[in-house]
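S.K.: When I checked TrEMBL for this same protein, it listed these features:
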- 62-83: transmembrane segment (TRANSMEM)
- 120-138: transmembrane segment (TRANSMEM)
- 177-202: transmembrane segment (TRANSMEM)
- 214-233: transmembrane segment (TRANSMEM)
- 268-285: transmembrane segment (TRANSMEM)
- 331-351: transmembrane segment (TRANSMEM)
- 363-382: transmembrane segment (TRANSMEM)
- 391-411: transmembrane segment (TRANSMEM)
Amino acid sequence: MIIFGFLSVILIGSILLALPISDQNDQATSYIDSLFMAVSATCVTGLAVVNTAEHWNLFGQVAILVMVEVGGLGFMSFLVLLLKMGGQHSSFKSKMLIRDAYNFTSIKGGAKLVKSIVKLSLWIQAIGAVLLSFDFIPRFGLEKGVWYSIFHAISAHSNAGFDLFDNSLFQFRDDPYVLVIMSLLILSGSFGFIVWFDLLAIKRRHRITLHTRLALTMTAALVVTGTVLYSLLNVRSYNGHLLNYLAQNFFLSITPRSGGFSFGDYNVSSYASLVLTMILMFIGGTSGSTAGGVKTTTFGVLLLNIKTIFGNKEKTIYHERRLSRRTISRVYEIIFMYLAIIFTSSFVLLITEHLPRNNGIEYVFFEVISALATVGLSLGLTPDLTDIGKIIIMLLMFIGRIGVMTVIYAASRPAKIDEDLIQYPDEEIIVG
């Protein structure tokens, strides 16, 4: 149902974008390019084969923004709202779908939570648009300023990475106000709805869940560590303006974790900066959010389990709670599948695509990780992709948005009960 919903949005969006009414010059866009843009928008990635500002007119831009909104909030959100407006109640099956779509732990009150999710997201986007308008209206005029504020507030909160400027946020590289607002909007979307509602209910419950605690801890650690490392790696670009420098590196620590906006050319970055960016893209945001990647909590549990292994302990403990074997096993499944998909896709693209002179395999790996983690940052490969390359990147974006485990479960057969009950004797194998 969830996969079908996303595919339906992509199909409708791709048809609209292919029509001449979406093009600046009233020309039909090739369907493969329209499909790519529809997948990128619905999967809130931001990779583009055409320039969003120059190629699409207002109708096309609105179509992209609607797909971003639906993709960010989730198809199930709009389905639940339509049912509510029609006076219908959610069935047990739809409640189960809501639980799976947003990683809720229970089906109880799912529809009510979805309504709250939509309301919270719209409020955050509205506040973000108002704050951006204080800079955009004086800069671009009333009409463009309002539209740009709305578009970029939604795009940032949805972690989509689409922009209406020629070079992403390059013109704002020395504008700490815009960089910080955009960073906070990206963060607000990458926290995850579960974390938001846990924080909003803290006065009533007087505590936060273990999930929220780990998510906030990992997010803070990644932002602080990323800001410090980027500040050290980019020290040569320091021009004496400390506030600008801190805002730039704060932004750089956040946008790779699914934001997808940039204020510079990543092709001129050092290899160390590129590796750091790819690591942050791989980790991504928090479960149940608009962000992609393996997720902060997944990476956090991995670190906790590694600490347990090196400490020669059997139980992985976090804040006086033992993490289940199922959770730990799922972490390794997710990370293994992500790595397998990244290396397999990169290998195929290295065969099908032509790399520009002086560009190594990082040119492909960067794009693949960006697509699978639904980030949208690019070294420039996407606009020059072959049709086969476009299909591969589209599949990566789609898998990244609906989740690697969703694809695995959809493709795998359920295990027989008898197989799980059989106990076999242990035997050691020499490894390492």
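Including glycine, each Cβ sits where the backbone N, Cα and C put it.
Remember, it's a predicted structure, so these values are computed and weren't measured experimentally.
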S.K.: Apart from its near flanks, which chain residues at least 6 from the ends of the transmembrane segment (391-411) lie with a Cβ under 8 angstroms of it?
M.R.: 2-3, 6, 10, 35-36, 39-40, 42-45, 47, 71, 100, 292, 330, 333-334, 337-338, 341, 345, 348-349, 352, 367-368, 371-374, 382, 385
S.K.: Would you mind listing the long-range same-chain contacts of the transmembrane segment (331-351), meaning Cβ under 8 Å and 6+ residues beyond its ends?
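M.R.: Contacts with the transmembrane segment (331-351): 282, 294-295, 298, 301-302, 305, 361, 364-365, 367-369, 372, 389, 392, 396, 399, 404-405, 408.
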S.K.: Same-chain Cβ contacts of the transmembrane segment (120-138) under 8 Å, 6 or more residues past its ends?
M.R.: 72-73, 144-146, 148-150, 152-154, 156-157, 175, 177-178, 181-182, 184-185, 188-189, 193, 196
